[in-house]
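Chemist: The structure is given below, and queries will be raised subsequently.
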Amino acid sequence: MLDAKYIKDNLQQVAEKLATRGYQFDIAEFEAQEQKRKHLQERTQDLQSQRNTISKEIGQKKAKGEDTSDIFAKVNQINEELKIIEKELKDLQDTINQTLLSMPNLPADDVPVGKDENDNVEIRRWGTPREFHPEAPAKDHSDIGEILKMIDFKAAAKVTGSRFMVLKNKIAKLHRALSQFMLDLHTEKHGYEELYVPYLVNNDSLYGTGQLPKFAADLFKLEGDFEYSLIPTAEVPITNLVRDEILDTETLPRYYTAHTPCFRSEAGSYGRDTKGMIRQHQFEKVELVHITTADKGEESLELLTSHAEKVLQKLNLPYRVMKLCTGDMGFSAKKTYDLEVWLPSQNTYREISSCSWCGDFQARRMKARHKNPSMKKPELVHTLNGSGLAVGRTLLAIIENYQQEDGSIMVPDALIKYMGGISVIK
């Protein structure tokens, strides 16, 4: 959530920045609501002051034995008016809050202005994409998996429906090995604290990180007595651990990681990536979350991104880093880098990680603050998150980049120990 005071003090600038994100901010309506809110607050305070004054008169008259019925009538009249105004004020404040909750984060100054992924800016590349012989072109990961009888989309469709998969045998083992490798790298080399978190979260958590109210259609929600939803990403439960907390500044930064399944309805992506493992309703991810101070936020994004990159480097998978434009960033993000891995079957780079600095946007929603003895009052923390990495997409990248002409898959050196010494999948 944006700072309401900052919005009031910088209306035109806020409107211009929000416009680059495709959000039309109605300044006139916002000002009218603020004017009305001020008027109602002033009227409320005036009536409360009148009531306090009259209440003193009641005490004085009673002490003298005088009649107080006329004064009680005035008090009742004030109470009735207060009841009406307070409800009107509450309804107006709810409307203003809903407007604030619907606003995306303001982009950082160095974020390129653009409409969609075509306006993103490439920052750097790592590794050289493997060249395949024209007579033996790269196969798609789903075709390789089906030939090996280790990826079964038909069985998953029978059990559940489309956009699910069943992994078998050594590819299932490779999937597990990847998550273990990622967790070990981040906890042992990068200093993250590993967490096990709930896969179901309440609405307060989803509001805290920005999934609600705007993206309710993307969630899988439980029916019945529990107001819970399946997590779309571990960012939600991890980041909400600091909701309604005042942290000791000395304990920051905090680096958290967790390996979880993620569940997304993929609303709005009908017809996109219908084949293979690119876009699934259920997938696994190793999430990275940073909780830090405002002065360290931007540099923390560079660090978090480098940690995600290290996974790809250890696996020797070619990739590029893209700085997302204003129109392509996630709702809560202030600045985002996407890591895109090379997929030879598509002859292009595809997203495998999104690393975002959210500033104090989520923290304001969550009331997540920090304080030390030298500070007059607590300040909002800055939150960051990123995939380190999406396990399924990393798996398919390995299948495609390490495929052999005989249909087998070489296991990256970094994973052989996690595979119990298996170096070839065939």
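Backbone N, Cα and C define each Cβ position, glycine as well.
Not my notes, these are from Swiss-Prot:
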type: BINDING; residues: THR233, ALA234, GLU235, GLU287, SER387; note: L-serine binding site
type: BINDING; residues: ARG264, SER265, GLU266, GLU351, ILE352, SER353, SER354; note: ATP binding site
type: COMPBIAS; residues: 46-55; note: compositional bias 'Polar residues'
type: REGION; residues: 36-66; note: region 'Disordered'
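Context for these features, please: burial, neighbours, distances.
Modeler: For SER387 (L-serine binding site), the same-chain residues that are 6 or more apart in sequence and have a Cβ closer than 8 Å to its Cβ are LYS285, VAL286, GLU287, LEU288, ALA308, ILE352, SER353, SER354, CYS355.
A simple way to gauge crowding: the CB of GLU351 (ATP binding site) has 15 other CB atoms within 10 angstroms, across all the protein chains here.
Sequence-distant contacts of the region 'Disordered' (36-66) (same chain, six or more residues past either end, CB-CB distance under 8 Å): 72, 74-75, 78-79, 81-82, 85-86, 88-89, 92-93, 96.
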Chemist: Counting other Cβ atoms within 10 Å, pick out the least crowded of the binding-site residues THR233, SER265, SER354.
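Modeler: Comparing Cβ neighbours within 10 Å for the binding-site residues THR233, SER265, SER354, SER265 has the fewest.
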Chemist: Among THR233, ALA234, GLU235, GLU287, SER387, the annotated L-serine contacts, find the widest CA pair distance and round it to a whole Å.
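Modeler: In whole numbers, the farthest two Cα atoms are 9 Å apart.
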Chemist: Across the listed ATP-binding residues, ARG264, SER265, GLU266, GLU351, ILE352, SER353, SER354, what is the farthest Cα to Cα distance, given in whole Å?
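Modeler: Overall maximum Cα spacing for these binding residues reaches 19 Å.
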Chemist: Indicate the candidate from ALA234, ILE352 with the smallest number of other Cβ atoms within 10 Å of its Cβ, considering only these binding-site residues.
Modeler: ILE352
